[in-house]
């Protein structure tokens with residue numbers, strides 16, 4: 001019977017004799033290996049209980065992660081309650097999908113906060129973020145902007161998908177208008193190069209686990225932040241900076257609890 005608590009040790013009973021004998025021996029445990037001690041009596045049989053220290057952190061302490069989440073992926077804490085990653089091919093796709101959503105969320109949160117700060121301080125006459133899409137621009141019509149966006153995003157997403165299917169194929173000569181050198185194609189999801197990695201922070205992508213972990217952690221936080229911004233705009237009909245200023249003006253009365261209570265009344 002396996003128990004995932006404490007430092008590793010092993011319980012083994014001594015053999016049975018005609019008269020009960022109790023042995024109490026405690027051995028100093030060593031890291032990475034099991035030690036033994038015996039502190040009870042077991043007649044004519046052996047009992048073995050292994051208590052192993054948990055080797056890596058999980059999203060719920062003491063929970064055994066599924067076998068297909070072995071900790072090799074960046075930000076893998078064994079969280080997959082729906083079992084979506086049981087299929088290895090699906091798992092690879094979900095990893096890329098999370099990475100892309102995380103990057104869009106980080107860009108979205110930064111853009112919303114920056115433009116909202118400019119609007120609230122009066123530096124620029126910008127609309128609140130959830131009304132920005134309704135603004136009419138003089139240099140192009142809404143229909144033109146939508147078509148251009150579909151073309152550009154469609155091209156980028158097609159290239160990304162092709163690199164996912166055949167890693168490294170989009171870095172070959174002639175695959176990107178002669179600009180392949182700017183996209184080194186380190187591995188799927190990490191194109192690199194001076195265009196997308198100008199600071200050269202992760203030139204050796206195979207050994208850049210720490211950078212990958214930082215990116216996915218910040219990305220997950222940004223996705224939660226975007227969800228909060230969506231709900232906040234729906235309930236308060238204001239931008240995040242407006243909500244922050246209102247809260248700071250009366251921290252004990254202007255909280256999420258009072259806001260939700262007033263919205264339902």
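The backbone N, Cα and C atoms fix where each Cβ goes, glycine too.
Computed from a predicted structure; not experimentally measured.
What TrEMBL lists as chlorophyll a 1 binding site is 98, 101, 214, 215, 218, 232, 247. All protein chains shown were included, and the count of other CB atoms within 10 Å of the CB of residue 247 (chlorophyll a 1 binding site) stands at 16.
As annotated by TrEMBL, chlorophyll b binding site applies to 103, 183. Non-local neighbourhood of residue 103 (chlorophyll b binding site): 215, 219, each in the same chain, at least six residues away, with C-beta under 8 Å from its C-beta.
Using a 10 Å radius centred on the Cβ of residue 220 (chlorophyll a 4 binding site) and all shown protein chains, the other Cβ atoms total 16. Summarising the annotation, TrEMBL assigns chlorophyll a 4 binding site to 220.
Around residue 101 (chlorophyll a 1 binding site), the same-chain residues at least 6 positions away in sequence with a Cβ under 8 Å from its Cβ are 219, 223. Counting every protein chain shown, the number of other Cβ atoms lying within 10 Å of the Cβ of residue 215 (chlorophyll a 1 binding site) is 20. In sequence order, 238, 240, 243 constitute the residues six or more apart from residue 232 (chlorophyll a 1 binding site) in its chain with CB-CB distances below 8 Å. For the pair residue 220 (chlorophyll a 4 binding site) and residue 98 (chlorophyll a 1 binding site), the C-alpha distance works out to 8 angstrom.
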